[in-house]
Amino acid sequence: MVQAEHSAEPGKAEEGCSMGSRARTSSRWSFGVQNPKVITTQVPGKSTAPRTKSPAAINATNKSAPKTTRNGSIILDPQPSSSPNDPLNWPPWQRDLALASLSIYCMVGGGMTPLLAAGFTDIAASYAISVPQVALATGMFMLGLGVGCVLVSPTAILYGKRPVYLASTLVFAAASVWCALSPDFASLLAARILQGVAVSPVEALPSATIAEIFFLHERAFRIGVYALMLLGGKNLGPLASAAAIDRLGWRWVVVMVGGLCGVLLFLFVPETFWDRAETDEEKTAEVVGSDAVSRSSNSPTATPQDDSKTSTEMRAISQEESAAESRTGIQPDINNSGPVPVAAKGTNSSLCITNDIERQRATKDVNSITVPFSFVSHLTPWHGRLRASSKWHLVALRPLILLTYPSILYSAAVYACCMGWLVILSETMALVYRTPSTYNFSALSAGLVYLSPFIGGVLGTAVAGRASDIMVQAMARRNGGVFEPEFRLVMVAPVALTTAIGLMGFGWSAQAHDAWIVPTIFFGVVSFGCALGSTTAITFCVDSYPQFAGEALVTLNFSKNIFHGLVFSLFVTGWVEADSFKSVFIWIGIIQLILLVFTVPMYMYGKRARHWTAEKGLCQSILYSC
């Protein structure tokens, strides 16, 4: 475990303590965040201590210095191995090409949620049903997304992400054809569920893939690209589909997607898994079939002293420097030799593979791993089971278990609402813009309205990343150089303001039949606030429990799709017809404000909650045994 350095502020207690160490008291406050009264274990969450030594100084005082960027200003995290087949050592163009291919798939998959929004009235006419009933097609798609996230996450953990990505494109194509040929509405709903399951990897896996092929200081920009493409699909997808619906009909829309994505994923997104829990004798561990490496069955465990020393040196870097380097695009220097850190006791023991692969690896010439795998070898769809001892059903339970963690539960609620309100707005688009009693837009004109939320979402994503980084860096400096995940929650204030104003203004202006541009602008304001809120929820969640980042993101998306997207789709359009736009969206704005009020206690007591989960070992046995 990491033993953090003392703060520069007089009287400030240490940020962390090692497991099993003697309990100690701590100062009560940490820039408004209440510290645990007695610290008995390390508090989960990222804490960046002040930089006390330059890489040159570290190199001069240590025989085994960690690897750094070319200019030596950033210690690489995670530390790459010496193998050219380590995804972190791939050429920059290969890693960025994989990201671009994956982002295109995410844009297509993200656009499938509101794909039919502009054509609700056309679908209602085709099946002789009401427009509120058609909204159920979106709810069923989100049901498939929620269930799919829980299914594909453990499958990718055990068998690799590449086979999941490739299989999803095939199922996606088949489900799209089924949607187009559906003879009745019940068949369409079933096809939409399967379609949701098929594209669920775009929400559950890309963040983990990015973490496996980019260093910590490189991830912010790449995750922003992924988020922008996913958001762009949700907002520009309806625009493209509206044009197709206007000319060809709604059935053609669901067929004209997905083909290119499968080709790009097959050619340019190889398996990215690499086991970094290596021993000193296995610094250059080989990827089996270009991806999966195993931990030797007789691997020694690192001593707590060595682990603490290495971890402290690796993490002795300020967030400000990391953010600056991520914007400059500096590439790592893998020639700076250094050890790959040994996994500390208590890390996920499920990172292992079959004995056959271990024996195969044990018999290989160590020098052979210096030769990069060929392009053809990267095309192999599947390289065998990555973890032999893990049970699928236990891995599948991880995201649900994490709902017992207060920080993750809060993040899930905020993320679900921020993303869910955009879905609710898309479900009411036909009622607001296409009915004769309102604006009587065509499908294409209604689709063009989505330019407003797209612009708002782009601005919100850009502001969220930049403003949040500046804010937490300033707060960390004032806090003696110690970063707390709760600092991210300061961004909730503009989230509450913009989403409440946008939601209430949209409903009020639509009810008053103001000029069409008025509710359209409010739609963009909602999108701006929701982009801020979703980014804040994700960063707070991941910063609070970085060791559970992959499972936590599945938890967030499951909550968004099931607890919000599906549930609200069952009644919100009927609620609008029975009441009014003004009343419905004012109440939705109030719900949003009530939820965000809980940010205050979460900011103040979130650190104590994180310490409590670590002290009690809440769910640790289940999370690590699978």
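From the backbone N, Cα and C atoms, a Cβ is placed for every residue, glycine too.
Annotated features, as they stand in TrEMBL:
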- 1-15: compositional bias 'Basic and acidic residues' (COMPBIAS)
- 42-51: compositional bias 'Polar residues' (COMPBIAS)
- 59-72: compositional bias 'Polar residues' (COMPBIAS)
- 293-305: compositional bias 'Polar residues' (COMPBIAS)
- 98-607: domain 'Major facilitator superfamily (MFS) profile' (DOMAIN)
- 1-29: region 'Disordered' (REGION)
- 42-86: region 'Disordered' (REGION)
- 284-338: region 'Disordered' (REGION)
- 97-121: transmembrane segment (TRANSMEM)
- 127-152: transmembrane segment (TRANSMEM)
- 164-181: transmembrane segment (TRANSMEM)
- 193-216: transmembrane segment (TRANSMEM)
- 223-244: transmembrane segment (TRANSMEM)
- 250-269: transmembrane segment (TRANSMEM)
- 400-424: transmembrane segment (TRANSMEM)
- 444-468: transmembrane segment (TRANSMEM)
- 489-510: transmembrane segment (TRANSMEM)
- 516-542: transmembrane segment (TRANSMEM)
- 562-578: transmembrane segment (TRANSMEM)
- 584-606: transmembrane segment (TRANSMEM)
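Below 8 angstroms of C-beta separation, residues 113, 131-132, 135-136, 138-140, 142-143, 145-147, 416-417, 419-420, 423-424, 427-428, 431, 584 of the same chain, each at least six residues beyond the ends of the transmembrane segment (562-578), sit close to that stretch.
For the domain 'Major facilitator superfamily (MFS) profile' (98-607), the predicted model reports an average pLDDT of 77. Taking residue pairs at least 6 apart in sequence, the transmembrane segment (444-468) and the transmembrane segment (127-152) share fewer than three C-beta contacts under 8 angstroms. Panel annotation: around the transmembrane segment (164-181), residues 102, 105, 109, 152, 155-156, 187-188, 190-192, 194-195, 197-201, 205, 251-252, 254-255, 257-259, 261-262, 265-266, 269, 381 of the same chain, lying at least six beyond its termini, place a Cβ under 8 Å from a Cβ of the stretch. Outside the transmembrane segment (444-468) by six or more residues, the chain places 114, 117-118, 220, 224, 227-228, 231-232, 234-236, 238-243, 245-246, 422, 425, 429-430, 433-434, 488, 491, 516, 520-521, 523-532, 535-536, 539 with a CB less than 8 A from a CB of the stretch. Tertiary proximity for the transmembrane segment (97-121) is limited to same-chain residues at least six positions away from its ends with a CB under 8 Å from its CB atoms, namely 131, 134-135, 137-138, 141-142, 145, 165, 169, 172, 195-196, 199, 201-203, 206, 209-210, 213, 222, 225-226, 229-234, 236-238, 240-242, 245, 250, 253-254, 257-258, 260-261, 264-265, 267-270, 272, 423, 426-427, 429-430, 434-435, 443-444, 446-447, 450, 565.
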